[in-house]
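Participant: What TrEMBL records for this protein is below:
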type    : residues                                          : note
BINDING : E23, H26, Q60, K137, E138, N141, R143, Q155, H170 : chlorophyll a binding site
BINDING : R28                                               : chlorophyll b binding site
Amino acid sequence: MHVCWRMCAGSDPESLRWNVQAELVHCRWAMLGAAGIFIPEFLTKIGILNTPFWYTAGEQQYFTDTTTLFIIELILIGWAEGRRWADIIKPGSVNTDPIFPNNKLTGTDVGYPGGLWFDPLGWGSGSPEKIKELRTKEIKNGRLAMLAVMGAWFQAEYTGTGPIDNLFAHLADPGHATIFQAFTPK
């Protein structure tokens, strides 16, 4: 019983603070990932776009090799993550732009910087009840998106097609195009 409390994510205030921010960031990335999986696949399916299957998109040829893309991504994301980490350690410490000091973020809560670039619609302002409700919706939708991305990955791994193709196949033949067909020997 005592061991469990030491191992639980919320038992230590510092770990809890970090895990809250980690969940928030993972939720946001998952929501972007889910949109990046479902929307292009749907638009390709109905003939508006012609995008590669998301699961094999890394095999495409881009303007440079993947090592260069990885290094660029590492530098840019590393800079952003370093600033996020600094904000977790000392809230508000990164609210001033290092290049343009006149640009200041308005948010004081860690993970919710506010300002023109991070809250262009002004949803982060208003009554505390409204803000709490929107933040709760963000976390709930993010958790759902994490499951959706995992489900899309399983579908791609086991069926070789994406979730929209599987949905259309199921709607065309609901009796035979099911999850159970992916696990039956052919």
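Glycine is treated like the rest: Cβ placed from N, Cα and C.
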Participant: State, in Å as a whole number, the widest CA to CA span among the chlorophyll a-binding residues E23, H26, Q60, K137, E138, N141, R143, Q155, H170 given in the record.
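Facilitator: Per the listed residues, the maximum Cα distance equals 35 Å.
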Participant: In which DSSP state, out of helix, strand and coil, do we find E23 (chlorophyll a binding site)?
Facilitator: helix
Participant: Please list residues from the chain of R143 (chlorophyll a binding site) whose Cβ is under 8 angstroms from its Cβ, counting only those at least six apart in sequence.
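Facilitator: Correct list: C27.
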Participant: Nearest to R28 (chlorophyll b binding site) in three-dimensional space, by Cα, is which of the binding-site residues Q60, E138, H170?
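Facilitator: Nearest in space to R28 (chlorophyll b binding site), counting only the binding-site residues, is E138.
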Participant: Same-chain residues six or more away whose CB lies under 8 A from the CB of E138 (chlorophyll a binding site)?
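Facilitator: Non-local contacts for E138 (chlorophyll a binding site): L24, C27, R28.
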